[in-house]
Every structure is written in C-alpha cells, then in structure tokens.
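K.L.:
Below you'll find the structure I mean.
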Amino acid sequence: MCGILAVVNSKLSPEALRLQTLTLQRLVRHRGPDGSGIHVVETPTGARCSSVAHERLAIVDPLSGNQPLFSHDRSRSLTVNGEIYNHKQLRAELKDPTAFRTESDCEVIVHGYDEFGVDIASKLDGDFAFVILDDQTGDVYAARDPVGVNSLYMGTGLDGSTWFSSEAKPLVTGGCIDVRIFPPGHYYLARGGEEEGRLVPYYAPSWHSASAATQPLNLEKLRTTFTAAVEKRLMADVPYGVLLSGGLDSSLVASVIARLKRKRFLEHGKPVKSFSIGLDGSPDLANAQKVGEFIGTEHYGFSFTVQEGIDAISDVIYHLERYDVTTICAGMPMFLLARKIKAMGIKMVMSGEGADETLAGYLYFHKAPNGTELHAECVRKVAALNQFDCLRANKATMAHGLEVRVPFLDRGMLDATMTLDPDFKLTRKGEKTQFLEKWALREAFNVPTEPFLPHEVLFRQKEQFSDGVGYSWIDGLKEHAGKVISDEDMATAPIRFPYNTPGTKEAAYFRTIFHSHFPNNNYGNGIEATVPGGPSVACSTAKAIEWDEAWSDPTKQDQSGRFVDTHDAAVA
Ligand SMILES: *[C@@H]1O[C@H](CO)[C@@H](O)[C@H](O)[C@H]1NC(C)=O
C-alpha cells in the first residue's frame, strides 16, 4: 500500500501548490517510506492548477515502479494506493501494444483508463484508491475498491479546490472545510472546468438484493475460491507473512498460504512467518502457537502489558483517526504488532478480516429468525466494513508501512459467500457441526485426509475477543480513564463535544486525545463527522435486540459492540 494526496483546481500558483503538496504529503509518509513523487499541472484554461502526490511502499517492482505513473503520451498522471491482482489479464485486453514503463501492477490503471474510460474501476480485481488527472482536458477521475479495503478521504478547500488523500490528516492540516469518507465501490468524475464532480456507484453486485442469494452450498467451490483468493495475494517481490490469532479465519488464511508455499517451492522454500499478539498468558497466544506448529509456519508470538497499551493510545488515535472506543481498543494490539513485524523486515501480511460479515460469524447471528433477515444483516455488515475492520486493519498496519491483504474480501470470494443461500449460514441446532457459526466454511476445509487445521481449531466456537483484546485490557483501560477523566469533565462533555457526545469516561478520554491531534470546531462538519457514533454504531445492537430481547441487558454487551453470549446459551 501507499499514501496518496491530490489537490484539484487549486487557486494557488503552480509553485505554491507544489510546496503545499510536498509539505502535506509528509503526513501520509508513514504509509510509504520507500519513495515519493509529485506532478503539478496548470488546468487547460490556466486559471487553476492541480497536483497529485505519492508516498510509496514498494511491494511489486521496487526498482522502477515509482509514481506518479503516466499514460503513454504523458498527458494523464495517476497516483494510486493499490494492489491489482488481475493486472496481467487486463494488460492482455488492452488494444494499444505500447510497452509499459514499469513492472508495477498499478500501471495498467492509467492505460486502462485511456481505453475503457470510467469503466476501468469495475474491471479491476484488487484493492485500490486512486486519482487520475488529465492535463489536456482537466478531467479528474478517482475511485475506491468495492468494499473499501484501502482507505480514501475527500474534502473541499477554502478556495473551492477538491482534495483526495489516503488519510484525513493532510485534509485537516490543509484547512479543508469538510472532510468526508470517499464511499467504497464508487468513482468520482469531474470534467475539465466543472467545479463539482459527481460520485457514481460502479459496484452493484446482485447479492445486494436478498432474492439473488440462492446458490446451493458447494463446499469444494468455496474451498477453491478461497484458495485462489489467497494465491492472488501472494503477488509480492518482498518478504511477507501472515497474522495468526489462532481463531478460525486467520488460521485458515495461514494454513492455505503455508500449503501454497510448499507446493510452489517444494522443500526449498523457507516456512512462511506468522505473527500473533496478546496480553501475557492470553489464550490467543497459545492457540496461535499451536496452529503455527500444526501448519508448519515460523511463528512469532508477542505479548504486551496493559500499560504498554495505554501508552500507545495517543499514537493509535492519531493513526486510526478515530475516537470510538471499539476501534481504538481493538486497533491497539494490531498497531503494536505491525511495528514488530515491520521491524523484522516484513512488508506485507495477510489477515482474516471479513469472514464474520460475509458468513454471519458474530454470535448474535445465532438468533436470526430466518435467512432473509440474516442476509440483509450480512449485506449491512459488509457495507460497514470500510468504517470498522477494514479501516482498523489498514491504518493500524500502515502506521508502520506494513501492508495488509484480506482474502475473505476478494471479489470472487464475496460473490461466492454472498450469493450463497443464507439458510446455509443459519446455525442449526443439534445437527452435528451445524450449530456452529460459519459451519459452511468449516466444512469446506474439513479434509480429514490432508487436514488444514487441528480438528479442535476448525470446530471451535468463536471467542468474543479473538483479536487479542483481553478483558483485562478493557478493564485496565477503564480504570485509567476513570483516573484521568473526572465527573466534572463528564458534566461539561456536551458543551465541549456537542457532536457525538461521549457517554463514558473511556470515550471522553479518547475524544480529548483525538482533538489534541485534530483541533476542530467539533460541530459535526469536520473530521469528527467521519467517525460513526450514536445510532450507526448501535445498529448491530439494535438488530441483536430485535432478534433476542435478552441482549437489551447492557451487561451482555462488550466494548466491541459484540455480545457476551455464553457459548452454552448460543448452543442451547
Ligand atoms: C423473516 O423474519 C422476519 C422477522 O421475524 C419476518 O418479518 C419475515 O416475514 C420473515 N421472512 C420469511 C421469508 O419468513
């Protein structure tokens, strides 16, 4: 991944815009410490100018893939944070046989735009956020991947300029009067001379409607689709590894990588490295170690203390650009782990995000009354991923220039899991393994002759805190927030934070730190408005309570908005 920044139709002089862009692009340099580049151009009418800038994390073609990338006639420039897994196929589809200038998987985007126009976004199989400037026409084209695996923000400058960046930081510091999330699965197009562009959805899979989710369960297809999704993501010219929490999803990713690697390199390859983190003695660490031994990875388990977690909070809030308790608490271990992984010379890791949303893995799904309801909730969870697990994975790792790839959110995998008849995601009590959530996935990888995972891992029920966030971390954090945030602080919170007013001391603590990094007017039209709060966060809670009254009891809800539903109760 990388960091991008583009400022379009600025009233600054080309020299001043260049200097401003160079200054602000430093704020996303952590995302790509390997190289930077910039291109500044006057609009065809000469009245305004635009810039595209790039901070590069080199994963494919480290030697020559610097950006911006240009069209063959150099009239169009591209800055992109992306991994394009079908770049070779797309290249073969192009009519213009002119040789590419680099081996970068991303170069095909700019040539593809020359031939396919705005349809190029829908042809890409990968994770991406990019901006293309056309020097001759003044057109601007930007797009973000279907689910929002890669982050992208946009905003409006005081002079009417339009801004795009991988993170909100350059927009906030650059004085944008609003900062918005660029919606996943959309492209933006502004024709030369138009002040305002428009956002157009390009990703409209059939499964957005429940009536399309009718596919029968095909275990072998599910297994081969997932294996292909992992294999595509091995595209890298630098050392990579895998995040292994010991839970089902990350263990499957790790197992498939280990198997593919053995197949590719026979016995000559070194084992793949796997990484986990947890509080000392946490069950996650032991589980991950056991899985690592079983599948034959070179496993590294790191532990952290509650104090180390508290010490990192300010950095986590700065990098994640969030103040909601869920995201900061769950993002912290990944933030600490990413730093250790990067220090070991690894630049890319694969991870298990997305299986719970696509395959109904959260425990409250046990109470879904029927398949139609369950499907609608899965669609909603997938749409929210860019605000939650994807954002957290992306920014917690990119804080240290580590790229994360998520095979469960592969385009083919989404089609396979989301068109599945939702009855196969319902848990069925008493029918052997079928009382377990995600049983279709478990059965797909239940190959006793050549087991992917130890039986007890493949068939273990979801743990509430499977991402290294132990109860003692949450308790320690609450205790600390109780010390630094007084009752008087809470009483004045509605005045200081009129938008998304924090309701607990932890939330007030995070919010105070957030605004030390991002001073703003706090009325809901700045960066604070990019953080979901109130009703949107409570959405899963509302659905769970609708499905089962018992969940209205707040003692059954944990910090992550998931449900402390005893395993016995789930199975009963
Ligand atoms: C599914 O459950 C919901 C809520 O109980 C109900 O309104 C709906 O009619 C049900 N649909 C089917 C197809 O049974």
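Indices start at 1 and increase along the chain as displayed.
Glycine is treated like the rest: Cβ placed from N, Cα and C.
Checked TrEMBL, it gives:
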- 2-193: domain 'Glutamine amidotransferase type-2' (DOMAIN)
- CYS2: active site, for GATase activity (ACT_SITE)
- ASP105: L-glutamine binding site (BINDING)
- LEU243, ILE277, SER351, GLY352: ATP binding site (BINDING)
- GLU353: site 'Important for beta-aspartyl-AMP intermediate formation' (SITE)
- 552-572: region 'Disordered' (REGION)
K.L.:
Roughly how many angstrom lie between the C-alpha atoms of LEU243 (ATP binding site) and GLU353 (site 'Important for beta-aspartyl-AMP intermediate formation')?
P.N.:
10
K.L.:
If you run the three-state DSSP split on ILE277 (ATP binding site), which class comes out?
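P.N.:
Strand, per DSSP.
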K.L.:
If you measure SER351 (ATP binding site) to ASP105 (L-glutamine binding site) at Cα, how many Å is it?
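P.N.:
So the alpha carbons of SER351 (ATP binding site) and ASP105 (L-glutamine binding site) sit roughly 21 Å from each other.
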K.L.:
Quick one: what's DSSP say for CYS2 (active site, for GATase activity), helix, strand or coil?
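P.N.:
In the DSSP reduction, CYS2 (active site, for GATase activity) maps to strand.
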K.L.:
Given the recorded positions CYS2, ASP105, GLU353, find the one whose Cα is closest in space to the Cα of ILE277 (ATP binding site).
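P.N.:
Nearest in space to ILE277 (ATP binding site), counting only the recorded positions, is GLU353.
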K.L.:
Quick one: what's DSSP say for LEU243 (ATP binding site), helix, strand or coil?
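P.N.:
Where LEU243 (ATP binding site) sits, the three-state DSSP reduction gives strand.
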K.L.:
The record lists LEU243, ILE277, SER351, GLY352 as binding ATP. What's the largest Cα to Cα distance among them, in Å, rounded to a whole number?
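P.N.:
Roughly 15 Å, rounded to the nearest whole number.
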